[in-house]
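**Q** Starting off with a structure, shown below.
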Amino acid sequence: MSITKEEVQHVAHLARLEFSEEELERFTEQLAQILSYVEKLNELDTSQVEPTYHALKLTNIFREDEVKESIPTEEALSNAPQRENGFFVVPKVIK
Amino acid sequence: MEWFKLPLTAQLELLNKGEVTSRSLTSYLLKRIEEKDPQIKAFITVTAEEALRAAEEADKSRGQKDHRPLLGLPLAIKDNICVRGAPTTCASKMLAQFKPPFDATVIKKLKEAGAIFLGKTNLDEFAMGSSTENSAFFPTRNPWDRERVPGGSSGGSAAAVAAGFCAGALGSDTGGSIRQPASFCGVVGLKPTYGRVSRYGLVAFASSLDQIGPITRTVKDAALLLRYIAGRDEKDSTSAPHEVPDYLSALKLNLKGAKIGIPKEYFGEGLDDEVRGKIQEALEIFKDMGLAVKEITLPHTPYAVAAYYLIAPAEASSNLARYDGVKYGLRVEGKDLIDMYKKTRSQGFGAEVKRRIMIGTYALSAGYYDAYYKKASQVRTLIARDFQEAFKEVDFIVGPVAPTPAFKLGERVDDPLKMYLSDIYTISVNLAGIVGLSLPCGFSKEGLPIGLQIMGPHFSEEKVLALGHQFEEILKLYEKYPEI
């Protein structure tokens, strides 16, 4: 299965990435290679096989819903590129 | 005294007898790092001040009858595991300035046991890679041959232990990232059962596959560290409730008559002849030890790499969505919010990380989910079933860790698929969530270490460590050190 430059550009947008023309060429080629390698999986009939999303059969891990000590706001914000009055600052989203 | 040659258990004995202080052991190792690490580049950050302060405190409290099990023992930590207040970069520009305001659960547990930390070790960016060349900062070199890679992604931790900068380190293993570098560097690496060790505070790559584990000089030391990092954690709902046994005392288990399976798929095309030879020699040793060896089949092995390179990138693409320039990490300004996201992520991530985000996003995107992600997850079931069937007949599965000894720097960087295929014998263990132990079994003619892998069912760490320990005591390869 091949992948086009346009598709790569679309996926890049979904992933919030952008590429130069040169990168786009290279990624298109490498992704095509990798996708053609994984085609191999189609040799197997899996129509009757349940998928595994998790290696252990642990389900419904509950805990008490109680208030516990957490990281103070200042510390939680300490790595934010921009912050103000205890909030994260983002570029304006409403025009 | 060449302190750097001592395994953790020997260091502890001397500390406990009062024959060395934690302060002098720590400053000895820090000095060795300062002198020798410029050639190896195992560390991204050396936390010398904090380490010395913690060592002094350990010495003081030892005088006050503090008998904590790892008191004053210096370790190194892979730089994708959060240590409060110390840079945790994941070898990425994205997190170059990130200082976590909390400790990972493994760090909290090691601190409670008295351990101290020398620093943070290099890795492939976000643990994505098999050579540590994908670090955004610098590659790490193999202490046995500096022209060669240490393996990856936990290459810094494995190289640090091999070089004698520390006797124990933590790594993380998503598709072989503990075992393959351990094999390339001639040290021991354990990938515990999925869920055996809490992942809280490990920067997430592929959450259904990631597992933290020890990298040490001896299997005995791996047993020591596992005991103190394992266990159920309220903060990781995928951590397992199983009780944590005393892995050290289990090393003496009588394994006579136990059965080892040799998967024929692990000895086919692509396996280096010298590696094959050393594994065969190891099988003779196992027979001499009184174990039975028989050939088995894991028929879906040829599909493991393909399944893995859809599942792991799919999970990664979703886990790495959090790097958006808002909450922490790099921000590159743009003309609006979306543009800021794109610029931040495009400048913050390196090529391999982007490649995996792209594969994963594609595999999860509308119209392709069933064909790729679901298909790969169904194949994952078949791979897990292969192991379940095999473990009905045998107690262990043994094979190579990697198809070749350490390869040269630059050799595979431009060929992602070839790089992915170096994980061919390690990936299935993560897909099935079982135990995998890598330990040295010999050297190539060129003097490069060769690793042996022992696999066991879920929660079989006691037996796997026991077999590894009894094997290592015959060859005693841990006595060999690289000249650096």
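Along the chain as shown, residues are numbered 1 onward.
Even glycines carry a Cβ here, placed using N, Cα and C.
Curation does not apply to TrEMBL; its annotations are automatic.
Computed from a predicted structure; not experimentally measured.
Got these off TrEMBL a minute ago, pasting:
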| type | residues | note |
| --- | --- | --- |
| DOMAIN | B:25-465 | domain 'Amidase' |
| ACT_SITE | B:LYS78 | active site, charge relay system |
| ACT_SITE | B:SER153 | active site, charge relay system |
| ACT_SITE | B:SER177 | active site, acyl-ester intermediate |
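Walk me through the surroundings of each of these features.
**A** Summed and averaged per residue, pLDDT over the domain 'Amidase' (B:25-465) gives 97.
Cβ neighbour count for B:LYS78 (active site, charge relay system): 31 (other Cβ atoms within 10 Å of its Cβ, all protein chains included).
Using a 10 Å radius centred on the Cβ of B:SER153 (active site, charge relay system) and all shown protein chains, the other Cβ atoms total 35.
The Cβ of B:SER177 (active site, acyl-ester intermediate) has B:LEU123, B:ASP124, B:ALA127, B:SER130, B:GLY152, B:SER153, B:SER154, B:GLY171 as same-chain neighbours under 8 Å, each 6 or more residues away in sequence.
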**Q** Please state whether DSSP places B:SER153 (active site, charge relay system) in a helix, a strand or coil.
**A** coil
